[in-house]
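Novice: If you scroll down you'll find the structure; I have some questions about it.
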Amino acid sequence: MAAAGAMPGGLLLTFLLLAVVASGAYNGAGEPPVSRRSFPKGFIFGTASSSYQYEGGAAEGGRGPSIWDTFTHQHPEKIADRSNGDVASDSYHLYKEDVRLMKDMGMDAYRFSISWTRILPNGSLRGGVNKEGIKYYNNLINELLSKGVQPFITLFHWDSPQALEDKYNGFLSPNIINDFKDYAEICFKEFGDRVKNWITFNEPWTFCSNGYATGLFAPGRCSPWEKGNCSVGDSGREPYTACHHQLLAHAETVRLYKAKYQALQKGKIGITLVSHWFVPFSRSKSNDDAAKRAIDFMFGWFMDPLIRGDYPLSMRGLVGNRLPQFTKEQSKLVKGAFDFIGLNYYTANYADNLPPSNGLNNSYTTDSRANLTGVRNGIPIGPQAASPWLYVYPQGFRDLLLYVKENYGNPTVYITENGVDEFNNKTLPLQEALKDDARIEYYHKHLLSLLSAIRDGANVKGYFAWSLLDNFEWSNGYTVRFGINFVDYNDGRKRYPKNSAHWFKKFLLK
């Protein structure tokens with residue numbers, strides 16, 4: 001899940017997303033109907049998840065600690081309800097129930113991530129391969145395939161090995177490139193005969209900005225003046241260094257897969273990026289430029305190297321020597337290193353031009369010289385969800401997809417996350433908690449926006465809703481719920497379909 005804690009600016013309003021209609025489910029009144037049949041033949045629908053947010057079993061089956069285990073246990077004050085992912089949604093034990101839910105809804109695919117430390121407890125081959133971890137993922141993959149659900153596997157969704165953090169500061173060191181490649185190769189060898197779609201990294205933007213600029217996410221590094229109250233870090237350099245190494249690790253892994261595995265296994269490999277859409281705060285060239293810089297610093301940071309072999313000119317100009325350089329060989333390696341792009345979209349912001357800073361407190365959060373806010377003249381850009389950063393703005397989905405088409409050569413895209421949350425209101429009876437009509441409206445409008453982009457030529461091949469289940473939402477803990485299926489955290493993590501799950505079942509009828 002993309003958690004946008006690093007976004008500078010923004011006014012926190014406590015709007016309810018939309019009033020739940022007590023008389024029954026949202027029926028799409030006033031909106032065109034939409035269903036699976038509206039989309040091109042072969043278009044894939046699925047749900048998405050991640051290992052730390054879902055699995056639990058943190059100390060079971062030979063799994064080693066990740067940076068999120070350390071972060072949540074050492075800094076519970078950085079999580080809204082002081083919680084952690086020790087049990088999470090307990091998919092480590094309940095994965096068969098999860099697959100049954102997908103099958104019942106008619107989903108075609110399931111995007112999940114592998115826990116690096118469940119495969120390599122110490123992060124590297126030298127620490128040994130954990131056969132129990134291999135067995136767990138084999139069981140999950142085989143269960144999915146037996147129910148007709150395609151696995152889409154993400155290799156890294158933010159839970160890097162604590163052992164490598166201790167050894168060489170994790171993604172701040174180029175040493176991680178080979179360790180990641182070794183881990184990826186084990187996954188290709190063990191699972192690639194059945195897995196036809198691989199994603200190397202999930203949202204490097206979120207990992208680097210929240211982990212190294214604001215310090216709100218693991219590993220919790222930032223400059224002393226940033227909001228994360230970190231004991232160590234450099235918000236003006238480390239985000240760029242960590243993501244530079246992620247791009248290089250991605251490219252090396254793609255090269256490995258294409259050289260040794262793709263011809264035999266006949267799979268595809270890509271990377272998942274996140275982007276908001278950015279609307280100029282007012283009609284002016286300076287604000288138009290601010291909106292362009294905002295998308296460069298969130299999306300172009302990764303997309304430009306993947307398409308053109310270097311960072312955006314706006315980043316080169318504003319970040320200067322704090323932004324790492326690619327060698328000629330690295331530039332060639334990164335350029336074109338994907339079969340598809342995964343794209344996560346949730347929300348939009350207004351972008352307002354900021355004057356240059358004094359250059360003393362350099363930080364990724366201010367380098368773009370764009371003030372980002374969900375509110376203009378007291379009016380939000382769209383209804384606000386439970387997460388303070390998430391404003392509902394469906395037209396931004398279409399705008400972003402057409403921006404990708406027009407600026408980056410219309411690559412093959414899978415929407416790897418899209419969704420909305422509600423507050424975890426513990427006083428609601430179960431039957432009331434299952435009434436998530438605002439989520440149905442969110443999906444209906446975003447799927448219409450997606451369909452419009454496809455009809456205008458956007459090369460989108462699939463869509464994954466975030467999320468199958470309620471889960472551990474990073475710094476929000478369990479205070480918000482993104483699931484289309486309810487998880488009862490007080491009764492054995494039992495799952496109950498929300499209204500949105502029933503809506504998807506009707507939507508997906510063939």
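Glycine residues also receive a Cβ, built from the backbone N, Cα and C atoms like all the rest.
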Novice: Kindly point out which candidate in TYR311, TYR346 is recorded by Swiss-Prot as part of the beta-D-glucoside site with GLN53, HIS157, ASN202, GLU203, GLU417, TRP466, GLU473, TRP474, PHE482.
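Specialist: Candidate listed by Swiss-Prot for the same site: TYR346.
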Novice: What subset of the recorded positions GLN53, CYS208, CYS222, TRP466 lies within 10 angstroms of ASN229 (N-linked glycosylation site), using C-alpha positions?
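Specialist: Within 10 Å of ASN229 (N-linked glycosylation site): CYS222.
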Novice: Among all protein chains shown, how many Cβ atoms are found within 10 Å of the Cβ of ASN371 (N-linked glycosylation site), not counting that one?
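Specialist: Around ASN371 (N-linked glycosylation site), other Cβ atoms within 10 Å: 19.
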Novice: Given that the record lists GLN53, HIS157, ASN202, GLU203, TYR346, GLU417, TRP466, GLU473, TRP474, PHE482 as binding beta-D-glucoside, what is the largest C-alpha to C-alpha distance among them, in Å?
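Specialist: Among the residues the record ties to beta-D-glucoside, max Cα distance equals 18 Å.
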Novice: Within 10 Å of each Cβ, count the other Cβ atoms and name the one among the glycosylation sites ASN122, ASN229, ASN361, ASN425 with the highest count.
Specialist: ASN122
Novice: Given the binding-site residues TYR346, TRP466, TRP474, which one is most crowded in terms of C-beta atoms within 10 angstroms?
Specialist: TYR346
